[in-house]
Structure formats: C-alpha cells, structure tokens
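Enquirer: Below is the structure I would like to discuss, written out as structure tokens.
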Amino acid sequence: MDCEGTNEEGRGCTGWFSVEAIVEKHTGDTISDDETDNSSDTGSDLIGFIDDSSISDYAEQEVTQALFQAQQKQANTKAVRNLKRKLLGSQNSPLQDITNQHRQQSDSQQNTHQVNNSQAKRRAVDSVPDSGYGYTEVETLTPVQVDKQYEENGGLPSVCSQGGSNASVEDIDVDTHVNSVTQICELLKCSNVKAALLSKFKTVYGVSFAELVRVFKSDKTCCSDWVCAAFGVAGSVAESIKSLIQQYCLYYHIQCLTCNWGVIVLMLVRFTCAKNRTTIKNCLCMLLNVPETQLLIEPPKLRSTAVALYFYKTGLSNISETYGDTPEWIVRQTQLEHSFDDATFDLSKMVQWAFDHDITDDSEIAFKYAQLADIDSNAAAFLKSNCQAKYVKDCATMTRHYKRAQKRSMCMSQWLQYRCSKIEEGGSWKEIAKFLRFQHVNFIYFLQVLKQFLKGTPKHNCIVIYGPPNTGKSQFAMSFIKFMQGSVISYVNSNSHFWLQPLEDAKVAVLDDATYSCWLYIDKYLRNFLDGNPCCIDRKHRSLLQVTCPPLIITSNINPQEDNSLLYLHSRVTVIPFPNTFPFDSNGNPVYALTDVNWKSFFSTTWSRLDLEEDADKENGEPLPAFKCVPGENTRLL
C-alpha cells in the first residue's frame, strides 16, 4: 500500500522524493498583514530561493552507485554459487578427490574408490558421463580447446555443455584459473615428479633439459655455472626475477614461456662464486616463491657445441634477457676467431709446463694441467683426447729425466744458487745463528764443518747431530734438507735391497733418528758411504748403479764417538751436540724460525766463508740457461 503523499518514486529506494502540500482556505479565516488576498501569486519572488541543482546531482549519483553495488553483489553471488556447484557437486572434480582423500584416508575401501576415480579421470572426453549440472564439457575441455573456440567466435569466449546451456564469461575466467591449479595438483600427485617436469619442459621449449645439462648426483658439489628451470611461476614474479637475481650473479640468460601450468622460467646463471645445488634451491625458492619440487637445477655441458649454440642464438632473440659478460665456454665454441685456436695436442708443451712448474708426480700433473683447459688450447686438446692416462705417464717420465739431468749437471754452488733463485727475499740469517748459539754451538766452527760437508771432503762427508729428545735435531736437519731439496732415507726399510735408491739423484741426504741397531748396520755395511767415496747401490727392476754418496746428515740420541763398539766410525763422522730443549713461545710457535727464506739469507751472507764458487755469468743473467723443449716459432710477418 502506497504511503500518502508519495508519487511512486520507487519501492524500497532511499533516494529523494517530492511532496505536494494541499492547502485549503476557508472563508472567514484571518489573513496576515504581509499577505494580500487580491494579489496574484506568480512565484516570481521565490525564484532562486532554494538552490537544488547540487542536491539533484548528488541524488542521481547516489542512486546510480547503489544500483551498481546491488548488481555487483548479485553477480558475485551467482559466480560463487556456480563455482561451488561445479567444483563440489561434480563427482569428477579434482577438488572433490582431494576432499575425499582427507576424509577417507583411514578407510581402505574408500582408498580403492579413489583409485577408481583417478583412473576414470584419464578416460576420453566422450566417455565422461553427464553430471547433470551443465558443466561436464567445461571440466573436460583442455586449454587448447578453449583457445580454438575463442578464435572461432571472433574473440568472444563461449563454451556449451552437453545439455545446451551457455556458460557466462565469469565462469570461463574462474575455470581457467582452476584449471592451472588442477594441473599443479596433478603434478604433486605424480609418482615421478621429475619425469613430469622434464616432459613439460620439452613440450614447451622444444628441447630436452637433459641435452643442455650434465648430471651432478650430489647436492653438495660446487660449480659456478648452473642451468635452472622453474615451473608454475607467477607472471609478475617471472618478470621481477631479472632484477632480483643480479646481486647474486655475474651473468644470466633468462627465458620465460607460458603454458597451462603458468610460467616456465629457464635460466643459465654464472654466480659470483661456486655454489652447490642446495644453496641455489634455497635462493630460487625465496626469489620465485615456488617449492623445491618444481625446480630442475643442473650444471651445463661446457664442452658441447650444441648447448653453446642454443644459448648463443636464443640470447640474440627477443625471447630472452641477458646480463653480464658471456661465459668463455660459449664464446670459445661460437665465435670464429676462437675456433681457430683449437689445435691438436702437443706433448712437448705439456712437458715444458711440468718442467717449468717443477711438477713430477703423475696425479698432480693430470689435475693441474686439466684446470688450464679454459685458458690453454693445448690443455683443452688434452682433455678432448682419449689417451690422457698415456700422456700423463709420458709427461711425468720425461719431466723426471730432464730434472735428473739438470741436477747432475750442476755443482754444489750452482745448485745452491738455483735453490736460492726459487725462494723469495725477506729472511734473516740471524735466526739460524741465534739457534746455534742457544745450543752452545760455535758459529765459526759450524761454518768450517759445513764448508767441508758441502764440498764432500772424505772423512768429513757426514754430520751427526745428537742430543736428548725434543732439542730440535730433526727440525734443524729437515729444514736444511727442505731448502736443499734433498732426499730422506729411513732405516725402517733396511730389510729391502733398494732402501738406498733415493741417494741416486740426491745432492744432500738425511737419515733421521738413528738407533743403536742402525749404527751397527752402518758400521757393518756403510763405512764407505760415510767416507764420501764411490759405491754401488741396487735399484728396483734396474741394474746396479755406481754413485758417490752425497753429503749425509744423521740425527740420533746416541753419540757414536763415545761408543767403543763403533770405533771405526769415530773418524768418519763429525758430531754436533744439541743439549737444550727447543723453545716455544706462549702461543706454541717456535722461537727460532728455521724457514727457507732464513736459510737463503744464511747462505747469501756466508757465501764467501763457505768457499763457494762464484758464477762468472751471474752478472749476465741466470746461472744456467733456461731449459726449452718446445721448438721456437717464427713470429715475423711475411
């Protein structure tokens, strides 16, 4: 029933309304002084009395806004109702399966029913029964079918169900979003997630991820270059990763392609330092906001030309973003001038490198020379060869031959100069003099003994350092042998016929901690060794060799000159006693530093007193000409 005084402006509305007043005048009513009964009321005096222009505009705007809110609320309610009806009402809905898994996890019969439902979802589209709600076809449509219908309808999306009902535009948007979420849920439920990721990567990028990378089984293995693939990344995050990752790397190559899972990001990254897979996973999970199960991380194939060409060509296109300097392994395999540097392997260059760096061990040669492959073309050719073990063995053998011949060609003075040239400056000879004074050894007497010792004078070819334990005998002898690059023999191997074989190429040798049985062995078999005369030693798998015993230092807790049973050794050894315990400071460091730099300073200072020969060609350069086993090259232009 209408209210009196209204003009049906709209039921239930809160807008403005007009009211018409009815005034009746009866005869005999008193008229006020300011009113004239006879005057005609035209209303001209009330024009502009009330300004209702702004009020009417505001009223119209408020009515429009209220109507829009009501319509928007109605549309939202309808969309939510349709979504609930579609996802929760259909038996084929993936969310319905997830709900059943949580509700019926403990029931074995229901688990069997879930397996049947998961198998039913893999059937063909035409075998799916109609749910009766008009959304069956929408659930089974793939994104490709939706795109085709979008193009056929001229850009207006429409999907028809089997019952003939039309879905609204809002339903299509909701279904597309739910479809991508459903795909990720299906990925998480896969028995082999990595296989699903590899398949999707090859489908989207057209190249297998395994063709671009080499596999690291351990997550703790470090590498500076990594290939990373991230699945299901949000579009805004995929764009921001290009700026966020710059602080962690020196170079990156990023590609972003979209599929029904979201954005798949492919990255080739060179980090500022070597990192392992675990560290990179934590970093990318934070930057991309994706779980670890949606990441593939492996190092690239550095020696594959196809991989280098792939990243080089895609880097030139507009589908990728690059930052920093291109890695050298890509440049070397893609640019023409670098391809000319690839040469065949030359063993002489490898031998020259090992000789210059004084490396004679097989394993050390193989390891260190392989690390030069990025900067040395011959090392790169060595890695490409199938005969690396043979080359390493031949290189070590030839290097030892050259080193042995070089050492034999030097006298003691030349060898001391050569050893001093390999050691840096900055030592102090006073450290050695202070230690000898601490052990009550006359410094002048020690220089006289050392002079005859270095010359190999018969009967003065052996120095014995004896004293109580912990007096620094072995420290003093070993530091001297290290500087001279001498050899060490051990009495523990005396049962072998070859325990004296290290004396074959030694300039100086040491026998540490000789016991009483060792002295008896020396007195019985090695008297001529202590004399410094030529003798014969046995070598394994080789013929006997006649050599002159090098100067020998023996450390012992026994003084052979005080033992009458060793009478024949008294004239063959020079004894230097060390009676005092070796001192250390409060931090455990030795008070007297017996280092190579101090020994170099010692010999440089006492060179003339030791009566060592001066090299006549020393002013013109090195004491010996540089060894060169690589043929020279003519660099002159034609």
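Heads up, residue numbers simply count up from 1 along the chain you see.
Note: Cβ is positioned from N, Cα and C throughout, glycine not excepted.
Swiss-Prot lists these features:
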MOD_RES   S90  phosphoserine
REGION    90-133  region 'Disordered'
COMPBIAS  90-119  compositional bias 'Polar residues'
REGION    176-342  region 'DNA-binding region'
DOMAIN    441-591  domain 'SF3 helicase'
BINDING   G467, P468, P469, N470, T471, G472, K473, S474  ATP binding site
Enquirer: Taking every protein chain in this structure into account, which of the binding-site residues P469, G472 has the most other Cβ atoms within 10 Å of its Cβ?
Expert: G472
Enquirer: Helix, strand or coil at N470 (ATP binding site), per DSSP?
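Expert: Once the DSSP labels are grouped into three classes, N470 (ATP binding site) ends up as coil.
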Enquirer: Could you give the mean pLDDT over the domain 'SF3 helicase' (441-591), rounded to a whole number?
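Expert: Mean pLDDT, the domain 'SF3 helicase' (441-591): 91.
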Enquirer: Within 8 Å of the Cβ centre of G467, P468, P469, N470, T471, G472, K473, S474, which other residues of the chain have their Cβ, at the recorded ATP site?
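Expert: Apart from the listed residues, the neighbours are T555, N557, F578, T581, F582.
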Enquirer: Would you mind checking how many other C-beta atoms are within 10 angstroms of the C-beta on S474 (ATP binding site)?
Expert: 16
Enquirer: If you skip the near sequence neighbours and keep only those at least six away, which residues in the chain come within under 8 angstroms of T471 (ATP binding site), Cβ to Cβ?
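Expert: Result: Q439, F578, P579, N580, T581, F582.
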Enquirer: For G467 (ATP binding site), which residues of its chain lie six or more apart in sequence with Cβ-Cβ distance below 8 Å?
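Expert: Sequence-distant Cβ neighbours: Q439, K473, N557, P577, F578, P579.
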Enquirer: I need the most crowded of these binding-site residues: P468, N470, K473. Count other C-beta atoms within 10 angstroms of each C-beta and give me the top one.
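Expert: Max Cβ neighbours within 10 Å, all protein chains included: K473.
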